[in-house]
Amino acid sequence: MTKIAICGALGRMGKTIATLIDEDPALEFVGGVDVGEGTLFGKRVVSSDDIDIFLAEDKPDVLIDFTIAGAAVKNIQAASKAGIAVVVGTTGFSEEQKEENRNNIEGTIPAVISTNFSVGVNIFWKLVREAAKQLSDYDIEVTEAHHHFKKDAPSGTAKTILEIIKEEAGDREEMYGREGMVGERGKEIGVHVIRGGDIVGDHSVMFAGNNEVIELSHRAYDRAVFAHGVIRSAKWIAGKKPGIYTMDDVLGLSG
Ligand SMILES: NC(=O)c1ccc[n+]([C@@H]2O[C@H](COP(=O)([O-])OP(=O)(O)OC[C@H]3O[C@@H](n4cnc5c(N)ncnc54)[C@H](O)[C@@H]3O)[C@@H](O)[C@H]2O)c1
Ligand SMILES: O=C(O)C1=N[C@H](C(=O)O)CCC1
């Protein structure tokens, strides 16, 4: 039985993940951490100020983090001190925060980090990579849409898409929306962010050439698609050697 705790337990993703853990006979939900205290599936959710005591007392095998970047850095540090594996889905990290996470993880604990835990998105990234490689001279536009409450922009998934495109099609300037006379320009990637309603997560990449357009897109209809990938990662990471792993490792798609 793998014991799991969640940081951000009372949030949208926290509750979705806890529901799947509760239904899985191979997993035990031991509680969580959030800004305020509460209970979830009969287990305590403590204030983030008490994370060290919580980890020492409830001893999870894996700590899952779906909070906000600043909080996630501290939670990963606490897991590292306690020697607990982590699965991190939080997005919006700065380069400095990513470096801090690497320092807290490498050589100390195993971690799966992904900007998107949906299996479909991980395959979508591979399709985008192939298209960017083959169509490196086309104009490329990235569009993402998320719900009204999403804090970071562009989404972590869109940032991963931008990294992939640049790796395959060469470095390009990111152009966030356009207004006025846009005139002549060099190679760029247009980035367009939409926020509204309860959109779970849409991403699309358009490759536009002369007389033709190829568009690749992924749409999530339910947060369960992310949560299922998180559960798969939590089962996979328990007992692994220290280091940072990706969903490719979890899904056996690397190499
Ligand atoms: N990687 C993925 O597949 C994936 C999927 C969905 C969401 N996300 C990311 O997960 C994060 C959370 O998304 P959400 O929709 O669940 O947000 P949310 O706002 O519903 O939930 C976040 C929770 O974290 C809590 N929190 C804030 N600071 C905290 C702290 N210091 N310690 C503990 N808890 C704290 C909040 O109170 C809240 O309950 C975002 O960064 C989002 O982009 C990633
Ligand atoms: O709802 C969110 O917030 C999501 N965040 C991730 C991102 O930033 O890419 C994944 C999709 C949903």
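Glycine residues also receive a Cβ, built from the backbone N, Cα and C atoms like all the rest.
A quick note: this is a predicted structure, and the numbers were derived from the prediction, not measured.
Here is what TrEMBL records for this protein:
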DOMAIN    3-117  domain 'Dihydrodipicolinate reductase N-terminal'
BINDING   G8, A9, L10, G11, R12, M13, G89, T90, T91, S114, T115, N116, F117  NAD(+) binding site
BINDING   R44  NADP(+) binding site
DOMAIN    120-251  domain 'Dihydrodipicolinate reductase C-terminal'
ACT_SITE  H146  active site, proton donor/acceptor
BINDING   H147, G156, T157  (S)-2,3,4,5-tetrahydrodipicolinate binding site
ACT_SITE  K150  active site, proton donor
If you count the C-beta atoms lying within 10 Å of each candidate's C-beta, which of the recorded positions R44, H147, K150 ends up with the smallest number? H147
Would you mind sorting out which recorded positions among G8, R12, G89, F117, H146 put a C-beta under 6 angstroms from ligand 1? G8, R12, G89, F117
Here are the recorded positions: R12, H146. Which has the lowest count of other Cβ atoms within 10 Å? R12
Looking only at C-alpha atoms, tell me how far G89 (NAD(+) binding site) is from H146 (active site, proton donor/acceptor), rounded to the nearest Å. 16
So which of the binding-site residues G8, R12, T91, F117 sit close to ligand 2, that is, with a CB under 6 Å from an atom of it? T91
Those same-chain residues, other than H147, G156, T157, found with Cβ within 8 Å of the centroid of the (S)-2,3,4,5-tetrahydrodipicolinate-site Cβ atoms are T91, T115, N116, E144, H146, K150, D152, S155, A158, G201, H203
If I take every residue in the domain 'Dihydrodipicolinate reductase N-terminal' (3-117) and average their pLDDT values, what number comes out? 98
So G89 (NAD(+) binding site), by the Cβ count within 10 Å over all chains shown, scores 24
Hey, does DSSP put G156 ((S)-2,3,4,5-tetrahydrodipicolinate binding site) in a helix, a strand, or just coil? helix
Rounded to a whole angstrom, what is the C-alpha distance between R44 (NADP(+) binding site) and L10 (NAD(+) binding site)? 11
Between the Cα atoms of K150 (active site, proton donor) and T91 (NAD(+) binding site), what distance do you get, rounded to the nearest Å? 10
